[in-house]
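According to TrEMBL, the protein carries these features:
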type     : residues : note
COMPBIAS : 1-10     : compositional bias 'Polar residues'
REGION   : 1-33     : region 'Disordered'
TRANSMEM : 49-71    : transmembrane segment
TRANSMEM : 134-156  : transmembrane segment
TRANSMEM : 163-183  : transmembrane segment
TRANSMEM : 203-222  : transmembrane segment
TRANSMEM : 253-273  : transmembrane segment
TRANSMEM : 308-331  : transmembrane segment
Amino acid sequence: MSLPPVSSETLGHLSDEAPQAPEAGKGKGPVKSQSPLQIAFGRLRRDKVAVACAVIVLFFVLIAIFAGVIANAVGVETGPGSPATELDYLGDGMPLNGPPHYGFDPNHPFGISPSTAEDNLAQWLYGCRTSLTVAALSTIVASLIGVTMGLLAGFLGGIADRIISFVTDLFLTLPYILIALIIAPILNERFALKPDIYPQAQLWSLVAILAGFGWMSVARLVRGEVLSLREREFILSAEVIGMPTRRIMLRELLPNLVAPIVVAVSLMLPAFIAAEAALAYLGIGITQGESWGQTISQATKYFKTYPLYLWEPLIGIVVLVVALNLLGDAIRDAVDPKTRR
């Protein structure tokens, strides 16, 4: 059975109706390549909770940076010679004006502290600066130690890995609060008669304690990542061509560890803020200068008669720590969506 002949007009008509392949460059356009960090940042921007927490954290960071400017603009100060020292007091050391006893005072919107007559708003502003400074410095130092230890243990292996793992486990078993209690009287005896350097000595000793007992989690995380990356083709190729060990660790391994390090840092910062407040509450932290933990330690004596004095630094710590923890969880989910529940 033969098919009937088909005219050229019919073939031309069919060719006009046939679906045409889309030309290159039309439609949606070329797909733009993105790095893993760009993809994670895009996920983070679409997370409303993460954006809200980032705004809260930025608010506290700006307060810490411009604490002195804000205090001068509002007209509040703290420490000896404060305008609040001229206020009258009741027989039990409670202020005569300002909340919660005699309503709102525009000159001291957060009230004034009992007995010491310091402005609570100024204490809160400078306490925020102290807490964030200690936490940020401790996070930086702990991250540097942890990344270095993890890189060396994971890449070198052998005896180096065993020694570093032993040191890590040893530090995990040491009670850092007990060591802080030992260091505090040593500092008091050595620097108490040197008021010009005593606050700096307290700050850096606190940073040393927090960072010295906070690097182990980063080291373990980095070590595990390096062990998985060490057998990849690009690392083996670098070893075959004779690339130096330091160059392999810094140029090949370290860029691939940015995401887990960022996640670890984002979760380490709120832990150090809470730890600084806890140590200051125990009288171990910064006692010369303003600190949220020091204010809480003083405010517990007046909780029944002056609860506002305690709630102000406590609310600041809770809001900042919760915001940082939620932001850290969001960063972890953005970097690795498999961890999302």
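Glycine too: its Cβ is placed from the backbone N, Cα and C atoms.
Ranked by number of Cβ pairs under 8 Å to the transmembrane segment (203-222), the listed stretches 49-71, 134-156, 253-273, 308-331 are led by 134-156.
Beyond the ends of the transmembrane segment (308-331), by six or more residues, the same chain brings 40, 44, 47, 49-50, 53-54, 56-57, 60, 99-100, 110-111, 113-114, 120, 123-124, 127-128, 131, 262-263, 266-267, 269-270, 273-274, 277, 292-293, 295-296, 298-300, 302 to within a C-beta distance below 8 angstroms of the stretch. Long-range neighbours of the transmembrane segment (134-156) within the same chain, counting only residues 6 or more positions beyond its ends whose Cβ lies under 8 Å from a Cβ of the stretch, are 164-165, 167-168, 203, 206-208, 210-211, 214-227, 230, 245, 248-249, 253-254, 257, 261, 264-265, 268-270, 272-273, 276, 285-286.
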